[in-house]
Every structure is written in C-alpha cells, then in structure tokens.
Amino acid sequence: MLKIVLLGAPGSGKGTQSAKLVERYGVPQVSTGDLLRNAVAEQTELGQKAKAAMDAGELVSDDIVVGMMRERLTQADTENGFILDGFPRTAAQAEALDELLAELDRPLQAVVHLQVDNEEIVGRLMARGRSDDNEDTIRNRLSVFSEQTAPLAEHYRKQGLLKEVHGMGEVDEIFARIEAALEDV
Ligand code: B4P
C-alpha cells in the first residue's frame, strides 16, 4: 500500500494529482489545505485561528497543523496507506511527521516533488480563483514556499526518498511521470 508525500509549490498540481493517485492506488488523500478550509467553513476554534493566515497566504502555525495531522493519521483508514497533500510544509512539520510515522511504524515510501515554473503557477491559480488566489497572496505563498518548504526536498533526498517529477504539461502526462517514479516503491 502506498505511503507518500506530494511536495510542490502552491498550484503545482498536488491536489489535482492526488485525486488521480487515490483512484489508481486506492488509498486516501490527506490534504492539510482541505482540512483547514473545512475547519474555517465550520467555524471551529481551529478554523478561526487558521483563517487569517490562510487569507494572507501565510502558513498556519506548526502546532495547529501538526496536531490536526496527528489526529488524522491515527484514524483507521490511513493504516494501509495515504497520500499527504500539502504536508509537511516546514522543517518542524517534517520532523514531527518523521516522529509520528516512526511511532506508528508506517514508514514513508517516497516523496514526489512536482516542479513547475512560477509564471505557470500564477496563471493556473489566477484561473482557479479560490478566495486566496489573488495576485498578492499568490506571490506571498510562492515566497513562503521557496523559503520554508523547498528546503524539505534536501531533507528527503538525504533519506533516499525524493523523486523529482516535471510538473508542466497535461494532467495525464504528469500523472504518467508520477506512476513511473513510483514503479519501484
Ligand atoms: P493548499 O490547499 O495546499 O493549496 P495549494 O498549495 O494552492 O495547492 P492545491 O493542491 O490546491 O492546488 P493544485 O496545485 O492542485 O494550501 C492552501 C493554504 O492552506 C496555504 O496557503 C496555507 O495557508 C494553508 N496550509 C495548507 N497546508 C499547510 C501546512 N502543512 N502548514 C501550514 N499551513 C498550511 O492546483 C491548482 C490549480 O492548477 C487548479 O485550478 C488546477 O486545476 C490547476 N492545474 C493543476 N494541474 C494542472 C496542469 N497540469 N495544467 C494546467 N492547470 C493545472
């Protein structure tokens, strides 16, 4: 059963490719973005804390996100596999995930890093038009990504888990590259 992380800038296709991976491998997608947006919509205490950061294109605090993921990854449906979409996004989150998966005895098999040019990303997100998809917020999310999340590629390269995948082109074409990268896991 597949246990992977999808790493990539906002708009790199993590959510899009996760949906296809769920169909192909039959394991659940766990998206921190979706979990946080649900909490905001339901106006839970967690959602109220997360909203301002999300609207500004900043990251929600590590404490909130790690707590939320600990709860999600101890639910029974992730016992045999999962696709982590949008988590981890900081060095502290990556360390917390390493510890949690060691505790649960569910080691990661691969980290797929989707690589897409910034100009393509701005175009995709402006076209999507979610509430946090305006140009200033997108630029901020991109700089947060390059400062805090991109360095995680090195963390996973050192663990021998990193698979670099070119994320430009048609959705199905990119999916075929991901399948090829996962062939030996
Ligand atoms: P996310 O929900 O993760 O949003 P995202 O980074 O924009 O990626 P998403 O998966 O939605 O987009 P995709 O690339 O599939 O995060 C939102 C916010 O939540 C963050 O800014 C942060 O505040 C907070 N957050 C989430 N996780 C957190 C964490 N771990 N720690 C702290 N805070 C956290 O698709 C984008 C668009 O591109 C779509 O319209 C899609 O149709 C299109 N597209 C996809 N593939 C394409 C292709 N090949 N060609 C053309 N268009 C394509």
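Note: Cβ is positioned from N, Cα and C throughout, glycine not excepted.
What TrEMBL says about this one:
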| type | residues | note |
| --- | --- | --- |
| BINDING | Gly11, Ser12, Gly13, Lys14, Gly15, Thr16, Arg128, Gly169 | ATP binding site |
| REGION | 31-60 | region 'NMP' |
| BINDING | Thr32, Arg37, Glu58, Leu59, Val60, Gly86, Phe87, Pro88, Arg89, Gln93, Arg130, Arg141 | AMP binding site |
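Distribution of TrEMBL features across the structure.
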{"residue": "Gly13", "record": "ATP binding site", "contacts (Cβ under 8 Å, 6+ apart)": "Leu114, Val116, Gly167, Val171, Ile174"}
{"residue": "Lys14", "record": "ATP binding site", "contacts (Cβ under 8 Å, 6+ apart)": "Leu6, Leu7, Gly8, Ser31, Asp85, Gly86, Leu114"}
{"residue": "Thr32", "record": "AMP binding site", "contacts (Cβ under 8 Å, 6+ apart)": "Val60, Val65, Met68, Met69, Asp85, Gly86, Phe87, Arg89"}
{"residue": "Glu58", "record": "AMP binding site", "contacts (Cβ under 8 Å, 6+ apart)": "Asn140, Val144"}
{"residue": "Arg128", "record": "ATP binding site", "contacts (Cβ under 8 Å, 6+ apart)": "Gly11"}
{"residue": "Arg130", "record": "AMP binding site", "contacts (Cβ under 8 Å, 6+ apart)": "none"}
{"residue": "Gly169", "record": "ATP binding site", "contacts (Cβ under 8 Å, 6+ apart)": "none"}
Confidence summary (mean pLDDT) of the region 'NMP' (31-60): 97
Residues near Gly15 (ATP binding site) in space but at least six apart in sequence (CB under 8 A): Ser31, Gly33, Asp34, Asp85, Gly86
Among Ser12, Thr16, the most crowded of the binding-site residues [Cβ within 10 Å]: Ser12
For the region 'NMP' (31-60), residues assigned helix / strand / coil by DSSP: 22 helix, 1 strand, 7 coil
Largest CA-to-CA spread of ATP binders Gly11, Ser12, Gly13, Lys14, Gly15, Thr16, Arg128, Gly169, angstrom: 17
Neighbour count (Cβ, 10 Å) for Gly11 (ATP binding site): 26
